[in-house]
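Visitor: So TrEMBL says this about it:
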REGION    43-65  region 'Disordered'
COMPBIAS  54-65  compositional bias 'Polar residues'
BINDING   F149, A150, I151, Y154, D239, V240, D241  UDP-N-acetyl-alpha-D-galactosamine binding site
BINDING   D239, D241  Mn(2+) binding site
ACT_SITE  E331  active site, nucleophile
Amino acid sequence: MDPRGFWGRSASSWLCGLLLLAACLGFYSNVFRLIPGRRQIEESRSSTEGRPLQGQQESLPSSQDGLRVVPQGMLLETKQCSERDCPPDTCRVPEVPRMVYPKAQLLQPARADVLVMTPWFAPVIWDGVFDSAILDAQFENTTVGLTVFAIRKYVVFLELFLQTAEKHFMVGHKVTYYVFTDRPGDVPRVPLGEGRQVVVLEVRNYSRWQDVSMHRMEMISNFSRQRFLHEVDYLVCVDVDMRLRDHVGVEILSPLFGTLHPGFYGAARAAFTYERRPQSQAHIPRDEGDFYYAGGFLGGSAAEVLRLTSACHRAMVVDRAHGIEAVWHDESHLNRYLLDHKPTKVLSPQYLWDEQLLGWPAVVKKLRYVTGSSGTDDGLA
Ligand SMILES: CC(=O)N[C@H]1[C@@H](OP(=O)(O)OP(=O)(O)OC[C@H]2O[C@@H](n3ccc(=O)[nH]c3=O)[C@H](O)[C@@H]2O)O[C@H](CO)[C@H](O)[C@@H]1O
Ligand SMILES: [Mn+2]
C-alpha cells in the first residue's frame, strides 16, 4: 500500500484521536492538581530523608477506601521548623535580660588576623569574637548532648575526658554525656554538676579501629532517631582520647558546625587530604573544597546531626559495596558532607589542637580541646 494513501485516508481519524487524548490529559492534569499531596508527599518525603518522620507517615490516618489523607499541618511541619529541628538561636530571636558588657567596636574588629566569617556568612569561632555573657543568656534552657565513644581500651580516656568536660564544657547549661561503650562496667563515676548526667549506651565493638571510628556515624544516627531528637536540642560529637583545657561553651552551637583540622588551617586546597578517588562517595575534586574539617569535633541541632550521620553512614555503606574505604574514613565523608551542606558555624582549631605536634602559635590564643594529657593548666594536676 502506498504509504501516502494510508496517511491521507487515516489523517482525519488520527486528528480525532489526538484531540481526544489532549482533552483527556487536560482533564486529568486538573483533577490530579486538586488531589492534595501526591507530589507534595513525595517532595516532603525527599526533603525529610533521614528524619524520623517516617514513623509519623506510617501512622497517618487512612480513610476506609485506603486513601491516605495527609493533614495540612503535617506537610507544613516538614517545611517549617519544629521545636527540636530548629533550635533557639535560629527559630526565634531570644529575649535577653538587661546586661552590662563592653560595646562592640565596629571600626576596631576584635580579630584582624584571621577570617571570622566564611563566604557563606557562617561565623568562624575564634577567641575574642564572642561575648559568653550574651550567648549564655541567649542559650539559657538549651540542652546539649555530648556523644563520645569509648570502645575497648579507649575506656581509659573517659575519666580525664569527663573530669575536664565538667570544668570547661557548657558550664551552667544542661548537659547529657552519651557514652557509647562495649564495656559499661568500666565507665568511671565522675562527680557531676547540677543539670548534668551521664547516659551509658552499650554498643558492639569492631576489631579494626577504622571500623570503630566509622561506625560512630551509624550509631549516632540510630540513637538520634531513637532518643537524642527527643532529649536534647544540640549534639556535640567528639573523640574521647582528648581533654578539655579551656572554655568550650554555647558559642559553638548552631544548626550545623564543623571544626578546622589543626594540621590544615593555613593550608592550600591542594594540600587537603580529601578522598581523591572518584570511585568513593567521599571524593572531592581538586578544584573544590572550603576547609579541611576534623573528624573529632562536629555537631549541630539533633535533627541536622541525624541528617549528617545518616548521610555519611549511607555513603560508607555504598563505598563498602564497591570495595573502597575512604582515605581518612569517617573524616573523608564528613568533609564531603560539609562541602555540600555548608556549616552554619565553623570552629577554629582552638577547639581541636595538638600541642605536641603543633606547639602553641599566637593565633590560637587559648587551647580549648586538646590531645594527650600533658600540661597542668586544666586544674587537674
Ligand atoms: C581528632 C580527630 O580529628 N580525630 C579523627 C582522626 O583520628 P584519630 O587518630 O584521632 O582516631 P582515634 O584512634 O582517636 O579514633 C577515633 C575515636 O574512635 C573511638 N575509638 C577508636 C578506636 C577504638 O578502639 N575505640 C574507640 O573508642 C574513640 O572515641 C576515638 O577517639 O581520624 C579518624 C578517622 O581516621 C576520625 O575521623 C577521628 O575523629
Ligand atoms: Mn582521636
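Counting begins at 1 with the first residue displayed.
Each residue, glycine too, has its Cβ placed from N, Cα and C.
All TrEMBL annotations are machine predictions without curation.
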Visitor: Sort D241 (UDP-N-acetyl-alpha-D-galactosamine binding site) into helix, strand or coil using the DSSP assignment.
Guide: coil
Visitor: What residues, ordered by sequence, lie under 8 A Cβ-to-Cβ from F149 (UDP-N-acetyl-alpha-D-galactosamine binding site) and sit at least six positions away in the same chain?
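Guide: Residues satisfying the criterion: F180, T181, V212, R216, M219, V240.
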Visitor: Taking only the Cα atoms, work out how far I151 (UDP-N-acetyl-alpha-D-galactosamine binding site) lies from the residue listed as 'active site, nucleophile', in Å, as a whole number.
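Guide: Given the Cα positions, I151 (UDP-N-acetyl-alpha-D-galactosamine binding site) is 18 Å from the residue listed as 'active site, nucleophile'.
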Visitor: Looking at the binding-site residues F149, A150, I151, V240, which have a C-beta within less than 6 Å of some atom in ligand 2?
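Guide: Among the binding-site residues listed, not one has its Cβ under 6 Å from ligand 2.
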Visitor: If I take the alpha carbons of E331 (active site, nucleophile) and D239 (UDP-N-acetyl-alpha-D-galactosamine binding site), what is the distance between them in whole Å?
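Guide: Rounded to the nearest whole number, the Cα-Cα distance is 12 Å.
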Visitor: Among residues F149, A150, I151, Y154, D239, V240, D241 annotated as binding UDP-N-acetyl-alpha-D-galactosamine, what is the maximum Cα-Cα distance? Answer in Å.
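Guide: Largest Cα to Cα distance for the UDP-N-acetyl-alpha-D-galactosamine-binding set is 11 Å.
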Visitor: Given the UDP-N-acetyl-alpha-D-galactosamine site residues F149, A150, I151, Y154, D239, V240, D241, which other residues of that chain have a Cβ within 8 Å of the mean position of their Cβ atoms, reported in sequence order?
Guide: V148, V155, F157, L158, V212
Visitor: Which one of these recorded positions has the most other Cβ atoms within 10 Å of its own Cβ: D239, D241, E331?
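Guide: The largest 10 Å Cβ neighbour count belongs to E331.
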